[in-house]
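K.L.:
So TrEMBL lists the following for this protein:
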DOMAIN    A:1-200  domain 'Heme-copper oxidase subunit III family profile'
TRANSMEM  A:26-51  transmembrane segment
TRANSMEM  A:63-84  transmembrane segment
TRANSMEM  A:96-112  transmembrane segment
TRANSMEM  A:132-159  transmembrane segment
TRANSMEM  A:179-199  transmembrane segment
Amino acid sequence: MAQHIVSPEVHEHHTQEQESLKTAGFWLFLVSDVLLFGTLFAVYVVLVGHTNGGPTGKELFEIPIFVASTFILLTSSFTSGIAVLQMQANKLKGTIFWLVMTLLLGGAFLFLEIEEFMTMVHEGANIGTSAFLSAFFTLVGTHGIHVTMGIFWCIGLILQLRKRGITTVTKRKITNFSLYWHFLDVIWIFLLSVVYLMGVM
Amino acid sequence: MSQHSSNHGHGHHEEHSHGSMKSYSIGFLLSIVLTIIPMVVVFNGLLERTATLLVILITAVAQLLVQLIFFMHIREADKPRYNLMALVLGGIIVITIVAGSVWIMSFNSVVQ
């Protein structure tokens, strides 16, 4: 009987330990993703000068677009942080609101990126034009795919939050999502620096 | 000593264990400033080439640290900081791959 009374607490403690272990595992995933982007950055840096007579970054990159993308993603990194704060204060509505804001900003970022890619392809600068453009589309596109997956993940989280509320499990999921989103912002900062700013220099 | 620190920790639990609105706002402001600096330098051509490259790289690394500390709370992880260790190892591998690729490919023109 006594054991029956104790067991839910023990169980709760056990799940919490498991959840923090899952967050630790998520960190390992992020580090492996750092390696993926690291190799793509290496390819880009090596091939950036090989334009095959085609357009260079200076001719292709539009300053207002990538400046806007940068501040949109930076702000969305901040809003996903606020969502975590709201979650820690056990405010379900606030958490969902700030996740939706993150989602909208992420969508705006993706819209600008797709627009940029379409314009470039229309101008005849596609993935097969030169080694520089192959590296460019692979590197920036991989980041874009990550953002797309983040958006679907965020939609799933919002649905789950509405259904189950803030529990140990949804808390861990939101924590991991915000880690992922901050990570994507960091990758973008390096894309901005190495690809865009150095490209228009 | 340990009791003192645990009392202190309890009193400020909300602020210190998982970040606060204040630390997120500071991080946000810092990252905006660190983004604007290289943009201003590049768009106005304020510095010569090498100095501009240095400004871009230094502000990017500073921004990485800001995000890690203020947003991802790398300092507040559990006792053995496996996430930090893994991250440092990942960083070493990335620097090796990028710098090594650039270095070895710079011999391309010599061979041809």
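In case you wondered, yes, glycine gets a Cβ from its N, Cα and C as well.
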K.L.:
Can you say which of A:26-51, A:96-112, A:132-159, A:179-199 has the most Cβ pairs under 8 Å with the transmembrane segment (A:63-84)?
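P.N.:
Between the candidates A:26-51, A:96-112, A:132-159, A:179-199, the best contact partner of the transmembrane segment (A:63-84) is A:96-112.
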K.L.:
If contact means at least 3 Cβ pairs within less than 8 Å, sequence distance 6 or more, would you call the transmembrane segment (A:96-112) and the transmembrane segment (A:26-51) in contact?
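P.N.:
Stretch pair does not touch.
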K.L.:
Where else in the chain does the transmembrane segment (A:179-199) make close Cβ contacts, counting only residues six or more beyond its ends and a cut-off under 8 Å?
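P.N.:
For the transmembrane segment (A:179-199), the list is 23, 26-27, 30, 33, 37, 41, 44-45, 48, 56-58, 60-61, 66, 69-70, 73-74, 76-77, 80-81, 102, 106, 136, 139-140, 143, 146-147, 150, 153.
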K.L.:
Report the mean pLDDT of the predicted model across the domain 'Heme-copper oxidase subunit III family profile' (A:1-200), rounded to a whole number.
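P.N.:
92, rounded to a whole number.
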